[in-house]
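Going by TrEMBL, these are the annotated features:
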type    : residues                                            : note
DOMAIN  : B:5-138                                             : domain 'Electron transfer flavoprotein alpha/beta-subunit N-terminal'
DOMAIN  : B:198-276                                           : domain 'Electron transfer flavoprotein alpha subunit C-terminal'
BINDING : B:ARG209, B:234-235, B:248-252, B:265-272, B:ASN286 : FAD binding site
Amino acid sequence: MNIAVCICQVPDLPSAVAVVDGSLDLSRVAWVMNPYDEYALEEALRLKERFPGSAVIALAAAPEAGKELLLKALAMGADRAVEVCSSTLQDSFQTAWVLAEAIGNIYGQELPDLVLCGRESLDLQNASVPAMLAGMLGMPFAGSVTALRADGESLEMEREGDDGLETLEALYPLVISAEKGLNIPRKTGIRQVMEARKKPLEIVQASALPDPLVRFAGAEPVSLKKACRFVETPSELAGLLYRGGFFKTAQE
Amino acid sequence: MAHYLVFLEQRGGCISKVSVDTWNRVQQQAAQEGESVSGFVGGPLKPTALGELYGNGTIYHAQDEALSLPSETLLCRILSALVAEEGCTGIVIGATAAGRRLAPYLAETLHASLLGGCAGGSLHSELCRRYIYSGLVLAAYRPEASIRIFLQGREQSRRSFFSTDRPHCVSFDASPFFVPHENLLIRSVTSGNSRKSIAESAIIVAGGRGMGGKDQFVLLEELASLLGGSVGASRSAVDEGWRPHSDQIGQTGKAVAPDLYIACGISGAVQHLAGLSSARTVVAVNSDPHAPVFDAADYGIVGDVREVIPAFIGAVKEVLQKK
Ligand SMILES: Cc1cc2nc3c(=O)[nH]c(=O)nc-3n(C[C@H](O)[C@H](O)[C@H](O)COP(=O)(O)OP(=O)(O)OC[C@H]3O[C@@H](n4cnc5c(N)ncnc54)[C@H](O)[C@@H]3O)c2cc1C
Ligand SMILES: Nc1ncnc2c1ncn2[C@@H]1O[C@H](COP(=O)(O)O)[C@@H](O)[C@H]1O
């Protein structure tokens with residue numbers, strides 16, 4: 001089974017992100033693999049272990065070399081890692097486009113059987129790249145999957161819908177986005193990291209990008225601080241909230 | 001002139017609350033600018049299903065049973081055809097789990113600008129402002145495409161509509177959009193519970209590690225049902241196995257938008273607060289007077305949840321009875 005996993009990196013601590021004159025300053029940020037992408041990669045590795053002859057390729061689109069990210073993917077067990085370099089990616093559409101192009105170049109006419117992504121990138125929380133990538137590759141898309149059972153022909157998946165647990169059935173090829181709960185990603189040690197350095201890590205250049213559908217137009221810092229009024233007793237609080245009109249639902 | 005298509009999500013024959021709010025809100029905004037609105041809903045409906053929808057325009061209803069549980073792929077085919085036929089320039093989708101999966105798929109198909117979670121939720125503003133980096137940065141995005149897709153959460157649409165007009169419903173033939181061997185199907189939904197989803201609740205009582213154990217959440221259940229709200233949790237409470245993951249609020253859980261949020265035994269980590277940017281009033285109960293949650297709260301009580309919550313339940317019952 002041929003599996004491509006799309007991975008990206010996010011700030012370890014969001015508080016290290018600064019805003020200077022309306023632009024983002026990420027110079028103090030320490031980067032980690034997006035947690036949802038760890039679920040995606042772990043699931044790919046489990047499938048590879050179950051289906052002999054499978055290959056897992058980790059893919060990252062990044063403006064500059066995020067080699068640590070790719071090494072981490074290789075250390076976890078990916079067979080090959082590819083970083084697609086391009087100028088700053090403006091939106092999810094451009095990101096998906098770069099990934100789709102790379103998948104086309106790597107796999108040719110025979111698309112991978114599965115493309116696994118994270119549900120969303122924790123920093124920007126677009127939750128858009130996987131679905132857009134599916135559209136571009138002409139594959140169906142199963143989002144926010146929390147359980148996956150695969151055999152050679154078909155897949156059965158679960159996810160949390162708005163109404164309860166949904167069960168899905170699908171055939172290959174398919175794009176899946178991984179939700180928390182899908183698995184517990186493996187840890188990597190020194191030995192795996194050493195081995196990773198021997199595996200193929202390629203950096204390729206993306207061709208000219210299409211126009212973005214959405215453009216970043218500035219940012220401002222946010223303070224979550226409120227002036228907290230400390231209340232002495234629970235009954236004082238109940239009185240305040242009652243007068244604030246919060247108990248209407250209770251009276252209906 | 002703008003023409004909007006509102007995707008109405010159906011659950012068990014009724015229009016979901018988020019979709020009702022979204023429809024009414026779009027109607028109101030469109031009316032101010034003299035714009036027009038259509039809607040689409042799939043699956044069998046109860047006779048009263050459209051009763052809360054006001055305003056003008058047409059609602060296309062495809063009755064097919066298969067549309068009660070549509071895949072993203074199928075919905076995308078139907079909606080993009082409708083958009084083309086009607087010449088829509090805006091598509092508005094409620095930010096439910098299903099809506100969030102559908103919107104980017106549709107955006108790619110239509111080459112549309114996807115604007116999700118815009119603060120204020122206006123259809124007419126030039127820029128979409130939304131929170132990123134756990135709510136610590138407010139970024140502005142400019143749509144570049146001629147078609148825009150808006151994903152709207154509940155907070156932006158709670159106002160009820162003033163009009164007494166009613167949209168008219170026409171039936172829609174979805175059969176051309178079904179393919180014989182659909183390669184992605186949603187087979188079943190097992191409603192884990194009939195509880196209201198926390199994403200739709202006006203009042204949320206949430207518990208963290210400070211609750212001390214699974215059993216203590218009974219207190220929060222009691223308070224929530226007294227107030228007509230629902231129970232949420234911090235990641236620590238979920239990781240402890242005290243609550244299901246679907247109750248988790250924050251960066252890796254749900255973003256919520258209640259009128260009232262009561263945080264019990266929650267420290268107020270930035271990742272938790274990330275889910276609260278749209279909460280109107282926040283109350284915190286914590287034994288540590290320096291807990292960061294108080295910095296994000298409107299009202300605070302310093303104390304042990306095991307004492308404060310039962311006393312608060314008693315006090316709420318009292319004020320409700322006095323009325
Ligand atoms: C990438 C990432 C994503 C994350 N996503 C989320 C997320 O989506 N949601 C989330 O919630 N967290 C998330 N976290 C975790 C977050 O950083 C915190 O660890 C978590 O929110 C802490 O939960 P808590 O407040 O329940 O527990 P704690 O931080 O342990 O706080 C417990 C609080 O209870 C108080 N307390 C103890 N006993 C009592 C008592 N008897 N009465 C009253 N108060 C008491 C204590 O003073 C303390 O303030 C994420 C972390 C990371 C790194
Ligand atoms: N630059 C990128 N390179 C590779 N994969 C990405 C990139 N950005 C996003 N993804 C994938 O798309 C998922 C959702 O990201 P997003 O749509 O940005 O929230 C992530 O979890 C990744 O799997």
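In case you wondered, yes, glycine gets a Cβ from its N, Cα and C as well.
TrEMBL entries are annotated by machine, without manual review.
Keep in mind that this is a model prediction, so the values were computed, not measured.
Location within the structure of each feature annotated in TrEMBL.
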{"residue": "B:ARG209", "record": "FAD binding site", "contacts (Cβ under 8 Å, 6+ apart)": "B:SER234, B:SER236, B:ALA237, B:GLU240, B:GLY265, B:ILE266, B:SER267"}
{"residue": "B:GLN248", "record": "FAD binding site", "contacts (Cβ under 8 Å, 6+ apart)": "B:GLY232, B:ALA233, B:SER234, B:ARG235, B:VAL238, B:LYS254"}
{"residue": "B:GLN251", "record": "FAD binding site", "contacts (Cβ under 8 Å, 6+ apart)": "B:SER134, B:GLN271, B:HIS272, B:ALA274, B:GLY275"}
{"residue": "B:ALA269", "record": "FAD binding site", "contacts (Cβ under 8 Å, 6+ apart)": "B:SER234, B:GLY250, B:PRO292"}
Intermolecular Cβ proximity, binding-site residues B:ARG209, B:GLN251, B:ILE266, B:ALA269, B:HIS272 versus chain A, under 8 Å:
B:GLN251
Taking the Cβ of B:ILE266 (FAD binding site) as centre, how many other Cβ atoms lie within 10 Å?
31
What mean pLDDT does the predicted model reach across the domain 'Electron transfer flavoprotein alpha subunit C-terminal' (B:198-276)?
93
Just how many other Cβ atoms lie inside 10 Å of the Cβ on B:HIS272 (FAD binding site)?
27
